[in-house]
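Step one of this worksheet: look at the structure below.
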Amino acid sequence: MHPKRSSQGDGSVTKPVRTSDRLRRRPKLHGRSYLYYSSPNMLHNRKRNTKTRTAASQIAKMLHKGNRPARASNAAPIASDLRRSTRKRRISVNLEDYTDSSGAEDEDMMSPAYRTLRRRVHKNFSTSKSRKDMDAELAPRREGLRPRRSTTIANKRLKTESGADQDTSEEKDGQDETENGNELDDADDGENEVEAEDEGNGEDEGDGEDEGEEDGDDDEEGDEEQEGRKRYDLRNRAEVRRMPTGEINKQQQPRSPRRVLHQGMGTRVGRDGRRGGSRPHKRHRFTRTDDSDDSLLVDELDQGPAIPWARGGNRSGAPWLFGGLDTYGSSSLGLNVGASGWGHQSDGLAALTSGVQTAGPSSKGGADIQPLQINEDINFDDIGGLSEYINDLKEMVFFPLLYPEFFASYSITPPRGVLLCGPPGTGKTLIARALACAASKAGQKVSFYMRKGADVLSKWVGEAERQLKLLFEEAQRNQPSIIFFDEIDGLAPVRSSKQEQIHNSIVSTLLALMDGLDSRGQVVLIGATNRVDAIDGALRRPGRFDREFNFSLPGCEARAEILDIHTRKWKHPPTRELKEELAATCVGYCGADLKALCTEAAIRAFREKYPQVYTSDDKYAIDVGLVNVEKSHFVEAMSAITPAAHRGSVVQSRPLSPVVLPCLHRHLLESMSLISDIFPSSATSSELTKLSILTFGSAIPLVYRPRLLLLGGEGVGLDHLGPAILHELEKFPIHSLGLPSLLSDPGAKTPEEALVHIFSEARRTTPSILYIPMFNNWWENAHEQLRAVFLTLLEELPSNLPILLLATSYGELSDMEEQSVFDNRSVYTVDKPSSEDRSLFFDRLIEAALSVISGLNGKPDGPQPLPELPKVPKEPTGPKPAEVKAKVEAEQHALRRLRMCLRDVCNRILYDKRFSAFHFPVTDEDAPNYRSIIQIPMDTATLLQRVDTGQYLTCTPFLQDVDLIVRNAKAYNGDDYAGARIVSRAYELRDVVHGMLSQMDPALLTYCDKIAAEGGPSLIPDDLSGSILGLAPVVQMGTVTRTSARLRNVQPEVNLDRDYEGLKKPKKTTDAVSIDSAADKSQNQDSGQEMPSPDAANPQSAAPSPTDGDREDQSEPPSKEASAEDMSGDSCKGPAAKSDKEISSRTESVKGVFMERTDNYSIPQMERLYTRIMKGVLETLDKGLRDDDNNPKHSILRFLSEFAQHQANF
């Protein structure tokens, strides 16, 4: 039966020759140019070996858990579990008849790879000899291959137990074999190469497995493929529709026209085709399994549409109906689909995916590595109070560019990194922007890159590190450059076990980029943070951040400078005295707070000047120059603003209030004198510091444990004096050690931990101040451990370390228990106010009481009616020139897109030979009687001409002309058999045109219908055809009287200058009257100065005019009244002088009574007395205003005298 088989006989086993895939392919029956060798019994063997199928019921019975056979051996699975590259290849022909006697090394290729299950089991289980042959043929062809699970042994076990039902399944198996053969024919018909396939897939699979990139995820039984290659969700993004085995057509079918249209007449399927059925399925490029993640991030869709009429072009789009017209004609003109009006269904994927990244950044990884465009209006002159830091930044950026020879001569590298730390609003970001702007103006362009906090963070693993690397590489290419990391604590936090691993990786990458093996070049790094303790400590060393600038809150002089910067562009800036007073008052204000203060004060001044704008929606004609910002506006603004430093913590420093200033000013001066002696850092000059330096880096100690205790009894004003001293020393960092501060520290769990943290921070920011309010209570209530920690930390401080310990304590010096901390020389005793202090206090009190009158005199008695302001004439309600031009451009663009689509349709029809009868007009030679039958001829060329001339505003007239072609064909050809073909082509033409126009963008069609409904496209007027910017002067000149009169050809016969002055003068006086009616006395004087000078030069010409109104009565007597006042001035001096003497005498008497009553008064009692007296003064003035009191000073003095006479008030 099989005389050539090597597994039979008694002789030595001869192994077959390794055959190639070309010989193992089954012969094709449609004319392939291959030479196949076959034996006479080839077809007979194939027909006989078909009835080997096991019934499904028997297979289910054998698969039952109790009926499963034991594993036969371990060698077989290992031998059969091979990688895909060495799997047994299924062969569709029987090559058993080919032998070779050259050697026995390739025995595995002798037995046919495509054989029914029954023959395989019979062969492998007949004898032990054949079992050895089976082990040999399953051995790998080379060593080191990874085993794979196979289903061959399971099939053998199933067949061993299926002998009872073999006869019942032979018929069905024959049918299946025939069907599988058909599928193999179809699969081989579409591919010229034999694909590697696992032997255990069985005969039911009609297509082989791909070599590595095609249809690994499209197999119906892909268990082996799943084992061989891991499956990634990111790589297999596209959804693959899997067809059940039962739905696959089991019979050989001829190629349909649709299949020919999709893939052509050839038999080869491209690498984007998917096999497994009767036709290949086109797969999008994004669904290939060989695309890696990186390629998906940066690659774009490269499947461009082809020219529609090119016969050899790639028709990747869907066909136009059945006419062979595709949808990509728009691209042939160099336009994309979005620019034309097409909106085909198959364009959705290309339009959405072309140029769009699927899972990440762009070609640069999504990193915003372009240099930042800096506002050139910002410079160092706009920054106040940071002059020393500005010079340090210039050393880092400008000097290496301007003076490189200095650094080269000393072989040093200039500092390349600086860390800006400080409270919010102190100018960290502003100084970086000013530096970038100034660097660009220095002569050589400096690139500026800015990153804010966690901008570089990404959800993709490793993307943040990649963006940092790209940023540094780009900065090195464009050096000199500056990289500014704003809020760097969010990018490089402290690395710890509690922190996320992603931050640790980012910090490590940043550290390596800042100071790694590669030189950074001329790249300056600037980091800004208000949480310097939150960033990683490895950043804060030379080589990375070489310098640290601590931006503290601005001092008094710095605040005055900042106020001057923000108000120097005002028309009426505040006086120097006012700015110094505001700077002294705004304690704890940062630069941003001072800017907000100026803004709020200006808005309040505008609200006071023009309150009418808040009650009307109309725009008034206002004069901005009349708005003047005064001190009261700043005071109101300060009450509405909470400084940023006051929100997070309590500010300990504040100046002395005007109430207690007379009583404590003497103690403040004496305390500051003591501090200047024990803490010379507050007054030490740079020259003195240079003289104190000795050899070997040592210096003369100028400080020895600076400590000061303010000691006094109850009511001496220590709660005012301590903060006032801190206010004078506000340029130094102040750290509070009070019990509330220790207990409220969010970063400490115990007071001892908070105390240690404050001491370490004070040592880091020397010179600094440690402040302990109410030290006696602190020492009494602190437990022993806290005291021990406090004393230990004090002793650990070096004796010459400039850290001032300032404390306040109530009690006597003899009773003080904390002598171990403060010695007698470090104690300053504060006593109660003396008689001189109280005398000065009451002088200020009476002065303040009398000054209230001057503030009330300028205010009206009640609410006054607001004057009406002239309204600005409303602009024409018509569209603006820019809107008209934009509308015209939009309409022209829409009509252009419509013409492109219609022109494309006409060109497609002209290139289609099926409609050649309708391409051009019918000539008389072709049909002499055509003109007599058809009154309105129509053809494709005429349609194209009308499209080019813009006669179609919508698709409706175009379709009407296409319908006219159909009607003309029916009318001329009639119902005869000869013309029926032409009429049918006309109907086909109309259907094709309708089909193509249905693919257009619906929004475009709707917009074109709107244009047609409005009467056609809008036209640009002649005056708008030029530049729109030139229209404004023309409109303004059109409002002038002389210009309009000249345009109307009016001959002016009068003197234009005189007439213009006559018309202009009443208008100005009328406006002045309307404005002056609501202005105060000082503003009336200002408006009076703006009157025309001719009236002032000629007093006689100041005759009453109808426009003067209420001023008519005051126009004649001013000279007489002025002369009368001048004559009576000397006589009035006598009574006025007597009145002033009487007031001063009464004031001294009231003051003497107050001095007697307030003997031995404390500071709180003086404050309470001040408050009661000022409240009574205000009530007295209010009562005097209601009673029409003509002399409020006497009323105030009478109240003060009565108040001092009553003993109960003291």
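Each residue's number is its place along the chain shown, starting with 1.
Cβ coordinates come from backbone N, Cα and C, glycine included.
Here's what Swiss-Prot has on this protein:
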| type | residues | note |
| --- | --- | --- |
| BINDING | Gly422, Pro423, Pro424, Gly425, Thr426, Gly427, Lys428, Thr429 | ATP binding site |
| COMPBIAS | 1-11 | compositional bias 'Polar residues' |
| COMPBIAS | 97-109 | compositional bias 'Acidic residues' |
| COMPBIAS | 130-146 | compositional bias 'Basic and acidic residues' |
| COMPBIAS | 167-226 | compositional bias 'Acidic residues' |
| COMPBIAS | 227-244 | compositional bias 'Basic and acidic residues' |
| COMPBIAS | 276-286 | compositional bias 'Basic residues' |
| COMPBIAS | 1057-1070 | compositional bias 'Basic and acidic residues' |
| COMPBIAS | 1080-1090 | compositional bias 'Polar residues' |
| COMPBIAS | 1108-1123 | compositional bias 'Basic and acidic residues' |
| COMPBIAS | 1138-1151 | compositional bias 'Basic and acidic residues' |
| DOMAIN | 897-1000 | domain 'Bromo' |
| REGION | 1-32 | region 'Disordered' |
| REGION | 63-291 | region 'Disordered' |
| REGION | 856-883 | region 'Disordered' |
| REGION | 1057-1151 | region 'Disordered' |
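Listed as Cβ neighbours of the compositional bias 'Basic and acidic residues' (1138-1151) (distance under 8 Å, sequence separation of 6 or more from its ends, same chain) are residues 839, 842-843, 846, 1193-1194, 1197, 1200-1201, 1204. Within the same chain, the residues at least 6 positions away from Pro424 (ATP binding site) whose Cβ sits under 8 Å from its Cβ are Asn530, Cys590, Ala592, Ala644, listed in sequence order. Sorting the binding-site residues Gly422, Pro423, Gly425, Gly427 by the number of other Cβ atoms within 10 Å puts Gly427 first. All protein chains shown were included, and the count of other CB atoms within 10 Å of the CB of Thr429 (ATP binding site) stands at 18. DSSP labels the residues of the compositional bias 'Basic and acidic residues' (1138-1151) in these numbers: 14 helix, 0 strand, 0 coil. Thr426 (ATP binding site) counts 26 other C-beta atoms within 10 Å of its own C-beta, drawing on all protein chains shown. Sequence-ordered, the extra residues of this chain that approach the ATP site, with Cβ no more than 8 Å from the Cβ center of Gly422, Pro423, Pro424, Gly425, Thr426, Gly427, Lys428, Thr429, are Leu420, Ala528, Asn530, Phe551, Cys590, Gly591, Ala592. Residues in the domain 'Bromo' (897-1000) partition by DSSP class (helix H, G, I; strand E, B; coil) as 74 helix, 1 strand, 29 coil. In the structure as shown, the Cβ atom of Lys428 (ATP binding site) sits within 10 Å of 26 other Cβ atoms. For the domain 'Bromo' (897-1000), the mean pLDDT of the prediction comes to 91.
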